[in-house]
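What Swiss-Prot lists as signal peptide is 1-20. Taken from Swiss-Prot, the feature sulfotyrosine applies to Tyr48. Here Swiss-Prot flags 50-71 as region 'Disordered'. Summarising the annotation, Swiss-Prot assigns compositional bias 'Polar residues' to 61-71. Among the features that Swiss-Prot reports, 4-hydroxyproline is placed at Pro62, with the record citing similarity to another entry. Annotated O-linked glycosylation site per Swiss-Prot: Pro62, in sequence order, evidence recorded as similarity to another entry.
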Amino acid sequence: MSFGTRLLLFLILTLPLVTSSSPNTLHVSGIVKTGTTSRFLMMTIEDYDDPSANTRHDPSVPTNAKADTTP
């Protein structure tokens, strides 16, 4: 392939990539404005209440688990 053919092929393949990754452009009555809209993700890091004791846990009741499981 000649240099001109390779250059043309390169431009054809890279043009969609370059134009799709550019910021959004707004055309208003012949004036070109380039801008991007910002979005903010609001999140709460305080998902849980203050730590407290488990009211359903009673340590005086034995469990079915064995204390020593070594052979």
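A Cβ is built for glycine as well, from the same backbone N, Cα and C atoms used for every other residue.
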(Q) Please report the three-state DSSP label of Tyr48 (sulfotyrosine). (A) coil
Q: Whole-number Å only: compute the distance from the Cα of Tyr48 (sulfotyrosine) to the Cα of Pro62 (4-hydroxyproline).
A: 30
Q) Which chain-mates of the residue listed as '4-hydroxyproline' that are at least 6 residues away have a CB under 8 A from its CB, listed by sequence? A) none
Q) Around Tyr48 (sulfotyrosine), how many other C-beta atoms are within 10 angstroms of its C-beta? A) 6
